[in-house]
């Protein structure tokens, strides 16, 4: 199918005509737009809450939370770049963002993934040292910031080659420009670089993280009486790793199989659809961390509540107070009558 001036072919129309590509259909686009919108909205709001809560609450500015703060900053960057640019390009089947973003957007995506996995590794190593060597001097906040800076430089350095391999090109009679990687005729350079990045971004960090948290769980299992709070913290951190790994697994697997031309036939015929589906799942990693913080970290949850408007906060406090007083009202007729007569609910909000 040609466009109005009969000079070029529309990629979406051609893909539907030749492959019945699902990603060209309005219903598919609507479903993915909905999921991406939810992910971006929750990701931005949730990670902003984490950043504000930690930056405004001095008691929360611990070493693990400094790492968590940096992860939220990275997730915000992902929400504003990869989570918005990639689906638009995938559904339009052309690049509309110009040559600069063609080079920078894939670089930001790769650097963010490196930063997240390296930071999660640093958290696990810090926890491992804290549990196994309690007499050792703990990592200071300044040292934690130094580690984050080193991780940032390492992530950008490893992802930098992509900048020089991205090209904005036209293909045949198809409408628009396309942002592609150029690694030479045989694509061997792309495969080598992809394999290195897979190992550095994903495999090595997960090996480190798995070892550290397995050792920590084994150690804490022998000291249950003393370390309930540490166990809760470790559950939260392990949950972060599991959520991150599960979110990115399918996207990483899809890209590796595509680099080596090993995608199954049924997947090759719907490459755009499965590419955007695995990317959407990967972007959900920006949502899970704030939800886990709120669910498993009591201090962060309290800090989140302090960010709410005063009227909403008062309503939540009143509701919690009423709930906490119910056992008193039901504890005995004399006590209940006394409360009823005097209309006094002697509940201390601060002790909840």
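Every residue, even glycine, has its Cβ placed from backbone N, Cα and C.
Automatic prediction, not curation, is the source of TrEMBL annotations.
Looking at the stretches 237-257, 300-320, the one that TrEMBL records under the feature transmembrane segment is 237-257. Which of 144-164, 165-185 counts as transmembrane segment depends on TrEMBL, and there it is 144-164. Segment contact is absent for the transmembrane segment (237-257) and the transmembrane segment (144-164), given fewer than three CB pairs below 8 angstroms at sequence separation of 6 or more. In this chain, the transmembrane segment (27-54) does not touch the transmembrane segment (96-123); fewer than three CB pairs sit within less than 8 A of each other, excluding pairs fewer than 6 residues apart. Long-range contacts of the transmembrane segment (144-164) within its own chain (CB-CB distance under 8 A, at least 6 residues past either end) are made by residues 63, 66-67, 70, 103-104, 106-107, 110-112, 114-115, 118-119, 122, 126, 181, 193, 197, 200-201.
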